[in-house]
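Worksheet: the structure to be examined is printed underneath.
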Amino acid sequence: MVPNKEAPSWFRLHIGFSFTNSIIFILGLIWSYRMVEKTFLDILITRMWKLYDLKSSVVVVNLHEVITICFVVVFSTATDVYRGRSVRFWMVVFSTTVCIIGLMLNYLEAGNDDKGQLHLWLFFSMGLMDLAQAGLRVTLRVFLEDQFREVDREKGERRLYTKLCWILVSAVAVIFAQFETLTGFHFRTLLLALTSVIAFFFIVFVSGFNFYHKDGESNERNDVRATNEDSKWKMRVILFLVWVSLSILSLVSASGSTFFLIEAITLTSHHKNLFSILVLANLVRCMETTATEVSRCVVAQLKESRDYNIPKMELLRIGIGLGCCMMCCSIAEWTGTHRKYAKGGSTMSVYWLIPQFFLLGLMRGFAKDGFKSLFESRVRPWFKGHGRSLGVLTTGFGSILSIVCVFIYGSGQFKWFQMTYTIVASTSIIAFCQF
């Protein structure tokens, strides 16, 4: 007997949210994937720098981000072209399988007795994790959105419900990741636990195949006919200059994923306890989501009033993001200088770093989403889908710049981190002036 695929009518009427039983099979896999991100991939630098020198660790983490972003573009294109249930289902299966293999290889690499030496085995295992992270980040989201078609929701409503489910499951993952049991795990024990959890929910996901929505969304493709002449040279120049500014901003963002976290872990009293590190890393994600959604709602309200120039409002969002970038770098430089030279600086609390992580999240939320919206508002309909890909490529370019700076300023004694963020603060000011 096939169970009713719709939620109870009382829930739909009183909560205003309807879902199908197929979603139950997906949420567990999303939660386990987010747990892998929160406890391993998002704080990768805190694992690497204990095993390798600082320079090598930063290069590995930035390469991880660059490769992941490239795979995100590939999977985004693939899910846009292939919209059937079976194809997207097998994309999720492939990504999850690669994730499990990657976790096991990292488990074996963590047990390697030859510490301090980078091996091809490490790059191969991290390459698999890059592929898995990108695949699950993209395919799980679109596959979840597909399930809301069974309750005849409009595209905007489906995206809203998908976002709500994603945020709620991510919030649960954040809470679980903060547990003392997980933060106190040895690295190999953590990897083994993550592998077991994601394997279990992977089996649950596969078992729900017959419940998943069968139809694609081929009837919702963007109209490929030409509309009006929005692509003028002036706007092209503006978009290019904004992209350059965001590339510099992404350099600061890459520093936040590496040096900010390293500075945080050096201030923790117990290096094996990652509770404080996870608090700061999750603060960035929380503020990024908050800035994105709040500013997006404000712009939507302004658009309805028709009294504002929306492209200028999007430029204002980007400008606010760059302003947060300058303040973030300035505070980081002041904190680093105080820690090194001020009396009692070596014993300062790790929570002195909260302002710079707070501003880092605001910077990402305002600037990157503002650029995506500005891009989509100024190009032809068939090119709008590339806005997100162009934005993530900007992030990847910032990580590449970070690697280049590491080698330029890392000759001899490694001084990039020791310069108390003077360089990233200077580049943020340059980016703001250019903008």
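Heads up, the Cβ atoms here are built off N, Cα and C, so glycines get one too.
The transmembrane segment annotation in TrEMBL covers 12-34 (among others).
As annotated by TrEMBL, transmembrane segment applies to 54-75 (among others).
As annotated by TrEMBL, transmembrane segment applies to 87-108 (among others).
Look at TrEMBL and you will find 120-140 (among others) tagged as transmembrane segment.
According to TrEMBL, the feature transmembrane segment maps to 160-179 (among others).
Taken from TrEMBL, the feature transmembrane segment covers 191-212 (among others).
If you look up TrEMBL, you'll see 237-262 (among others) marked as transmembrane segment. Long-range contacts of the transmembrane segment (237-262) within the same chain, counting only residues at least 6 positions beyond its ends with a Cβ under 8 Å from a Cβ of the stretch, are 42-43, 45-46, 49, 54, 57-58, 61-62, 65, 277, 280-281, 284, 315, 318, 321-322, 325, 328-329, 332, 353, 356-357, 360, 363-364, 367-368, 371, 374-375, 378, 390-391, 394-399, 401-402, 405, 416-417, 421, 424, 427-428, 430-432, 434-435.
Beyond the ends of the transmembrane segment (315-336), by six or more residues, the same chain brings 238, 242, 245-246, 249, 252, 256, 260, 263, 291, 295, 299, 352-353, 355-356, 359-360, 362-371, 373-374, 420-422, 424-425, 428-429, 431-432, 435 to within a C-beta distance below 8 angstroms of the stretch. According to TrEMBL, the feature transmembrane segment maps to 315-336 (among others).
TrEMBL lists 348-367 (among others) with the feature transmembrane segment.
Summarising the annotation, TrEMBL assigns transmembrane segment to 388-410 (among others).
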Using Cβ atoms and a strict cutoff of less than 8 Å, what residues sit near the transmembrane segment (120-140) while being 6 or more residues removed from its termini?
26, 29-30, 33, 36-37, 41, 60, 63-64, 67-72, 74-76, 79, 88, 91-92, 94-96, 98-99, 101-103, 105-106, 108-109, 112
Most Cβ pairs under 8 Å with the transmembrane segment (87-108), selected from 54-75, 160-179, 191-212, 348-367:
191-212
